[in-house]
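Features as listed in Swiss-Prot:
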ACT_SITE  His89  active site, proton donor
BINDING   Phe22, Ala57, Tyr58, Glu59, Thr81, Val82, Ile83, Phe114  5-amino-6-(D-ribitylamino)uracil binding site
BINDING   Gly86, Thr87, Arg128  (2S)-2-hydroxy-3-oxobutyl phosphate binding site
Amino acid sequence: MKTIQGVVAAPQARVAIAISRFNHFINDSLLEGAIDALKRIGQVSDENITVVWVPGAYELPLTVRALASSGRYDAVVALGTVIRGGTAHFEFVAGECSSGLASVALNTDVPVAFGVLTTETIEQAIDRAGAKAGNKGAEAALTALEMINVLKAIKA
């Protein structure tokens, strides 16, 4: 029996991070966590990390598709925060962002790591951006690296 498991060390990996400016006070922490994980744990060099800022989470799928389709990146990490408000806006943005990012991964065969927080409150978002619940940006970055290695092993 053969077992394929990814590892997170990927020193030669080329990784793009697409990040939303909206709710930047939370997203900045997600970005710091992602970059730290890529460099410290994944051993990815600065020159192999590209950060692309977009207006909001709704714009992430299009940007991630452009990055994944460029052939310049082994994986893309999507970071953002969508906080529920008093209208249906949350469902539309969170749903379209999530399904759009999944579609990009399936249609490009490039790993897309989902680091978009979808929370009920600002406090929950802060907790998931490095406070009580870890840093989901770092987790997404490690997921991207692991998936690079899993897909390489499958194709080998």
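Cβ coordinates are placed from backbone N, Cα and C, and glycine is handled just like the others.
Structural mapping of features recorded in Swiss-Prot.
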{"residue": "Phe22", "record": "5-amino-6-(D-ribitylamino)uracil binding site", "DSSP (3 states)": "coil"}
{"residue": "Tyr58", "record": "5-amino-6-(D-ribitylamino)uracil binding site", "DSSP (3 states)": "helix"}
{"residue": "Thr81", "record": "5-amino-6-(D-ribitylamino)uracil binding site", "DSSP (3 states)": "strand"}
{"residue": "Thr87", "record": "(2S)-2-hydroxy-3-oxobutyl phosphate binding site", "DSSP (3 states)": "coil"}
{"residue": "Phe114", "record": "5-amino-6-(D-ribitylamino)uracil binding site", "DSSP (3 states)": "strand"}
{"residue": "Arg128", "record": "(2S)-2-hydroxy-3-oxobutyl phosphate binding site", "DSSP (3 states)": "helix"}
What's the CA to CA span in angstrom from Thr81 (5-amino-6-(D-ribitylamino)uracil binding site) over to Thr87 ((2S)-2-hydroxy-3-oxobutyl phosphate binding site)?
16
Specify the count of other C-beta atoms within 10 Å of the C-beta of Glu59 (5-amino-6-(D-ribitylamino)uracil binding site).
18
Report the nearest neighbour of Phe114 (5-amino-6-(D-ribitylamino)uracil binding site) in space among the recorded positions Thr87, His89, Arg128, comparing Cα positions.
Arg128
Which chain-mates of the residue listed as 'active site, proton donor' that are at least 6 residues away have a CB under 8 A from its CB, listed by sequence?
none
Between the binding-site residues Thr81, Thr87, whose Cβ has more other Cβ atoms within 10 Å than any of the rest?
Thr81
If you draw a 10 Å sphere around the Cβ of Arg128 ((2S)-2-hydroxy-3-oxobutyl phosphate binding site), how many other Cβ atoms fall inside it, taking every protein chain shown into account?
23
Binding residues Phe22, Ala57, Tyr58, Glu59, Thr81, Val82, Ile83, Phe114 (5-amino-6-(D-ribitylamino)uracil) - maximum C-alpha distance in whole Å:
17
